[in-house]
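*Asks:* Pasting a structure here, questions to come.
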Amino acid sequence: MTSVVVVGTQWGDEGKGKITDFLSQKADAIARFAGGDNAGHTIKIDGETYKLHLIPSGIFYKEKTSVIGNGLVVNPKSLVTELKGLQERGINTDNLRISNRAHVILPYHIKQDIADEESRGDNKIGTTCKGIGPCYQDKVARIGIRMADLLDKDIFEEKLRHNLAIKNKLFEKFYEVEGLTFEEIFEEYYGYGQEIAKYVTDTSKILNDVLDEGGKVLFEGAQGILLDVDQGTYPYVTSSNPVAGGVAIGAGVGPSRVTSVIGVSKAYTSRVGDGPFPTELFDEVGQQIREVGREYGTTTGRPRRVGWFDTVVVRHSRRVSGITHLALNSIDVLSGLETVKICTAYNYKGETITEYPANLHIIEQCEPIYEELPGWSEDVTACRTLEELPENARRYVERVSELTGIQIATFSVGPAREQTNVLVDVWEA
């Protein structure tokens, strides 16, 4: 029995899909445990590019089980569209399983998300307006509709009528916008439910059975630890728990069954949306990193904010998520820079801070303290071992490991599967 959790150590978009795809080769099952279609994974296989939002990266291995766990919130319309897109490209999706306990995103969640963001004025939190937050709100308020409900026509009708009565009062009285009708939702979404019904089951049992039989399970994280609702830069966070601990809740697998946690980082930092970002770059170097790294959101298409690698952030992620290994991506993006910098601490009003503050007011006033290293001009995309990297690039990788206190398991020099280079096999570690 072995299980590996993949988490993002920054604000998402670190390349988790690439690492998950790579590690999936040795897994028997691959499961997502948090988030929804607000997170995007880009995967390159045999020269083909695939962009996933809900479906686990393991879908490309027909002999392996791919699981959408109970911790996700699922938009059936988006899921059906994504499934058809894969099927049209010749990908067999019969290995997908969806938790019957996963909550369902409905049109009123999206409408509420948009209305709520607009009502914030200048204090927007940068939501993707996919209905994620409102769906999690309903889950906690115990009025959510789960997959098991969606598949039962009578129960779905009853719950939908009840919820629409509540939501329409909210739309009309509070947001002062027009409500939604039962008719424009019911048949369409019940239809989506019937299209995906064959995939819906008790996924917790499936995953635990794999582990009981001595198999390997890979848990695919979404977003990043700094977007975690508890451990991230609140309120500029998502509504779920992307930390490794989210596996126990969102996949129905006990914490004692997790054997290792691999944190994924870029060789720099990026962020979409608002919120503090101490190492953010606004100069030509930042623009170069953005363009070379193609830093535009998979889900939103928005330009990502970019900055230097921040060890304060990654050490925080290591601590709250129990990270045992690091996957360092996008080293190739830094090629051509005369100098590269690593943030080692923050300066706050003359005080050196080495732990990530909870107070956003403090973070916004923090100045990064950098360690500067010489850059490299060589093309590293063909490097397959640490020794093949230019000396300065190799020193950069080693310094990241030293400053974060995390052993590096893989380093990547490009988006393709064969450009991921293994230093430690986490399945055997």
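Placement of Cβ uses the backbone N, Cα and C atoms for every residue, glycine included.
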*Asks:* Of the candidates T127, T128, T203, T259, which does Swiss-Prot annotate as part of the IMP site that also includes D13, E14, G15, K16, N38, A39, G40, H41, R142, Q223, T238, R302?
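*Replies:* Answer per Swiss-Prot: T128.
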*Asks:* Select the most exposed residue of K18, H41, R302, R304, where exposure means the fewest other Cβ atoms within 10 Å, treating these as the recorded positions.
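*Replies:* Comparing Cβ neighbour counts within 10 Å for the recorded positions K18, H41, R302, R304 gives R302.
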*Asks:* Spatially, and counting Cα to Cα, which of the binding-site residues is closest to R304 (substrate binding site)? Options: G12, T42, T128, Q223, V413.
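*Replies:* So, of the listed binding-site residues, the one sitting closest to R304 (substrate binding site) is G12.
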*Asks:* Have a look at the recorded positions D13, N38, H41, R302 and say which one has the shortest Cα distance to I331 (GTP binding site).
*Replies:* D13
*Asks:* Let me make sure I understand the structure: which of the binding-site residues listed (G12, G15, G40, G301) has the fewest other Cβ atoms within 10 A of its Cβ?
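*Replies:* Ranked by other Cβ atoms within 10 Å, the binding-site residues G12, G15, G40, G301 bottom out at G301.
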*Asks:* Please report how many Å separate the Cα atom of Q223 (IMP binding site) from that of G12 (GTP binding site), as a whole number.
*Replies:* 4
*Asks:* Could you give the Cα-Cα distance between T42 (GTP binding site) and D13 (active site, proton acceptor), in whole Å?
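*Replies:* With the alpha carbons as reference points, the distance is 9 Å.
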*Asks:* So which binding-site residues out of T128, G301, P303, V413 end up within 10 angstroms of D13 (active site, proton acceptor), measuring C-alpha to C-alpha?
*Replies:* none
